[in-house]
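Contents: one structure, followed by commentary.
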Ligand SMILES: O=C(CO)[C@H](O)[C@H](O)COP(=O)(O)O
Ligand SMILES: [Co+2]
């Protein structure tokens, strides 16, 4: 199943509830929440209180992307905000397997993100434990960047590895994803697409529907 996960980082925070509702009504399946700590990435975005507050606007799947150092310290706190999926960066965890166990022990789906320069081998011993892999298609930290083409080769290679191992895990892509490159991204093997600026700049309904139109081409095949 193909899912659009709009990143609220690109939304107008004075109209957050309205804008989330608009993208959900137009077909968005998840809501992507980018948490940045000013250490793992240069920016500081938002944390638990904001996620807890917007949990009241929608019952859609909350897909929380933790761009924070040593995320194991905060899994329980983010679990309490109403997160449905928590994704941590492999590069930010000293004991990645332990953090994945923490997420699952909290009753939440576990994702691991890889930066563009991190090889797929970083997932070797944990892949079977995961619900989702996030292949970053830009270096994390900022919205509005351009997709790095070689990251789609990683998506393709990961889909092949999963096939060989008989695994059916979601592959998410994040960074520079637009309706105009969505076809290519899905063909590479991704099924959860994060869109920030491509969803929230301009007409949110039309932008969301443009992704849905690409998805329907695949679903009607
Ligand atoms: O994780 C992220 C940045 O690190 C964001 O999810 C991403 O930037 C989305 O924004 P855009 O679609 O505009 O690239
Ligand atoms: Co993100």
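Every residue, even glycine, has its Cβ placed from backbone N, Cα and C.
All TrEMBL annotations are machine predictions without curation.
Copied over from TrEMBL:
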- 34: active site, proton acceptor (ACT_SITE)
- 174: active site, proton donor (ACT_SITE)
- 7, 65, 141, 142, 143, 144, 174, 175, 176, 196, 197: substrate binding site (BINDING)
- 32, 34, 65, 174: divalent metal cation binding site (BINDING)
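All features noted in TrEMBL, drawn onto the structure.
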{"residue": "7", "record": "substrate binding site", "Cβ neighbours (10 Å)": "24"}
{"residue": "32", "record": "divalent metal cation binding site", "Cβ neighbours (10 Å)": "28"}
{"residue": "34", "record": "active site, proton acceptor", "Cβ neighbours (10 Å)": "24"}
{"residue": "65", "record": "divalent metal cation binding site", "Cβ neighbours (10 Å)": "27"}
{"residue": "141", "record": "substrate binding site", "Cβ neighbours (10 Å)": "17"}
{"residue": "143", "record": "substrate binding site", "Cβ neighbours (10 Å)": "21"}
{"residue": "174", "record": "active site, proton donor", "Cβ neighbours (10 Å)": "28"}
{"residue": "176", "record": "substrate binding site", "Cβ neighbours (10 Å)": "23"}
{"residue": "197", "record": "substrate binding site", "Cβ neighbours (10 Å)": "17"}
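The recorded positions shown are 32, 34, 65, 174; of these, the one with its CA atom nearest the CA of residue 141 (substrate binding site) is 34.
Candidate recorded positions: 34, 141, 176, 197. Those with a Cβ under 6 Å from ligand 2, in sequence order, are 34.
In the three-state DSSP classification, residue 32 (divalent metal cation binding site) falls within a strand.
If you take the Cα of residue 143 (substrate binding site) and the Cα of residue 65 (divalent metal cation binding site), they are about 13 angstrom apart, rounded to a whole number.
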